[in-house]
Amino acid sequence: MKEYYTISEKKLPIIALRGLWLFPNNIQHFEVGREVSLNALNASLLRNSEIFICTQKDPMLENITKEDFYHTGVLASIKQTIKMPNGNIRVLVEAYDRAKIVDFVENDSFLEANVEVMEYDKTKYHPTDKSLTMIRMIISSFESLAEIIKKPLPQDLLGGLLNEEDPSSLIDTIAMLISLNDKDSILLLETLDMDERIELVYKFVIKEIEFLKIKEDIEERTNKEISDTQKEYFLQEQLRQIKMELGEEYDIEDTDDYANRVKKLKLKKDSEEHVLKEINRLSSMNPNNPESTVIRNYIDQVLDIPWNKKSKSSIDLKVAEKVLNDGHFGLEDVKKRILEYLAVKKMTGSLKGPILCLVGPPGVGKTSIARSIADATNRKFVSMRLGGVRDEAEIRGHRKTYIGAMPGRIITQLQKAKKLNPVFLLDEIDKLASDFRGDPASALLEVLDPEQNSEFTDNYIEIPVDLSDVLFITTANSQEQIPDALLDRMEVIRVTSYTDSEKFEIANRYLLPRQLKENGMDKSQFHITRDAIYTIINNYTRESGVRELERNIGKVIRKAVVKIVKDDVKKVVVNNKNLEKFLGSKLVLDDEIPREDTVGVVNGLAWTQVGGVILTIEANVMDGSGKTQLTGKLGDVMKESAMAAISYIRSNQEALGIKGEFYKEKDIHIHVPEGAVPKDGPSAGVTMVTALVSALTGRKVKHDFAMTGEITLTGRVLAIGGVKEKVLAAHRYGINKVFLPKENKRDIQDIDPKIRQKIKFYFTSNVKEILDEVLI
């Protein structure tokens, strides 16, 4: 202990101040309101008015223990007490010496302790030259401090400080006048060496001057920037300027968290800098500014992208084969091609290569095949419907400058998957459209091109997203409607129509059990016969897929449920005899096509987006002036086929046995029934020639034939598409003789062998061969 201190010990009541520090040689006012403090105050007044005053560590604590305040404080004397209207006592105290608690005294009413008092004797302290110099610097700096705050200290106080002969009193008084935090205050109280204490106060004064200069500069800049409408945000703006001056970020709720989360994503340098720049903009922006909401939404969207999150994808061909077989009946060629595709992916370890495009009519299982691929490769599955999409922004997103802007659906689906390598189904890619808002097909080019999609940039996100690990699969009903540039990037796998036997197996294995489960039934309560299922297939649906078939099975089961619940029936059996009670009258009758030989009526074969159909073409010839009329809502290509057919007949009139100048003396009317349904395509050419020649010659056409093929002016028959669907349509209607172009002979290998055996195929390269066979 220094020679200028005299140590004594006293038993004193304790008052702990909240947010206030008291130093020796100073007078201070404060209010006392807590019961423990009031009791300590009264005990002091009853003794000699001496009290130990210290500071509470946490000013928010109401009930304190001996561990909740600093044990170093001051010995003070109570000079005055005034009772306040709110019940508190206002106290005036004078602090004398530093003191610290030695041990506590048990007391239930107030805090009390044995305190070691360090009484200072100014006559025994002899400052060093360094300390004297520093004291002068403190006084000079304190005068500068008064000028900076532009609130001059009272002359009596300033004069008292300048004339102060006691260094201890001087520096303790100055410590009371400057802003010190708890750490600095307790350090100053605990420092007993006068030379060290002088040096500490000098540092504190210099620090206070620097702080006030910065504050003054900040206030000046802030006042210039704040307009009349921004005055209410004055405090937030000040805080922003303070943080900017310190080189720190302004923490608007969670900008620090944003920055940390972005850094953890390990983005490319340019991408990370771009997002951090937006976070910095947010940190320096008033939270009430509408643009801060836009930036916050943008950052949230970026963070929602699964940048480095990928499923642990594995390709096990045995598992893949089992998944495909369990989920799909038939479609053997499709399954084989998908297994080949997956095998190549596993061998190369790369997803670069053609994108699979599953083309086929609705309801044949294209979407479920894509789901099975996801299951087989242990990936998440997401899908995006492209039907009717006209706006490029649906793919690429809107720029965030627009109100309500959001990322495109590619990004949102990745966010939904929470993985960066899902199986991504682009459904109905042939239904894309375009208008003044852009061409979404062009936007998809970048998505589907393996050489480009590693740098896919959404207009909203603005930084590249790597799509190279995404397994894209597309579906379409018609290959012809897919834009050429997109088609060039895809490998087409045709998912053809189901045969009746395949539909039966699908219904029996999958649809029936699923509908029973959904309606709370089991096999012990419901049975439908084989013949009844075939009747539903042939007389209530007539579709390429099985969606309508499942709906009808569900309808039958629901009515069976009503019967069981209402009539207390234990089991319902559905057969051909009672099927109409469940489904009503047959929707597709067996006599839709000619069942006898007729003049001018021919069974054509057509392919639609719902599969193959019989397209009956009728031709009639009557006296007239050579007019030609086409009805049945025919498209331009089909009309041109009719014109080509007439030209062929005119040029071969004599060989065909047609007399007279029919093109001058007769009017020709070609009609295709179901006039409300649009029809188009070149494959009805041979059918029109046959119907016209029959009508012009009066020769009947054999009703058990069906035909398809494009006609040329010379009578050549050209190849067409959709052979499998067309042949299945003929089989459904009971037609077992089919004319096909010779070039399509290879296509019948795709047809079920059981059906091939039931149909006699005629392959022709010239329409004359058809006429010779079918005209009677």
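For all residues, glycine too, the Cβ spot is worked out from N, Cα and C.
As recorded in Swiss-Prot:
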ACT_SITE  Ser683  active site
ACT_SITE  Lys726  active site
BINDING   Gly360, Pro361, Pro362, Gly363, Val364, Gly365, Lys366, Thr367  ATP binding site
DOMAIN    12-209  domain 'Lon N-terminal'
DOMAIN    596-776  domain 'Lon proteolytic'
Other C-beta atoms within 10 angstroms of the C-beta of Val364 (ATP binding site) total 29
Neighbour count first, Cβ atoms within 10 Å, every protein chain included; then name which of Thr367, Ser683 tops the list of recorded positions. Ser683
Those binding-site residues listed as Gly360, Gly365, and which of them has the most Cβ atoms within 10 Å of its own Cβ: Gly360
Of all the recorded positions given, Lys366, Lys726, which residue's CB has the most CB neighbours within 10 A? Lys726
Within the predicted model, mean pLDDT of the domain 'Lon proteolytic' (596-776): 89
For each of Pro362, Gly363, count the other CB atoms within 10 A of its CB; which of these binding-site residues has the top count? Gly363
10 Å Cβ neighbour count around Pro361 (ATP binding site)? 23
Between the C-alpha atoms of Pro362 (ATP binding site) and Lys726 (active site), the distance in angstrom, to the nearest integer, is 16
Which one is closest to Lys726 (active site) in space, judged by CA to CA distance, out of the recorded positions Gly360, Val364, Lys366, Ser683? Ser683
Cβ within 8 angstroms of the Cβ centroid of Gly360, Pro361, Pro362, Gly363, Val364, Gly365, Lys366, Thr367: which residues besides those meet this for the ATP site? Leu358, Thr475, Asn477, Val495, Ser544, Gly545
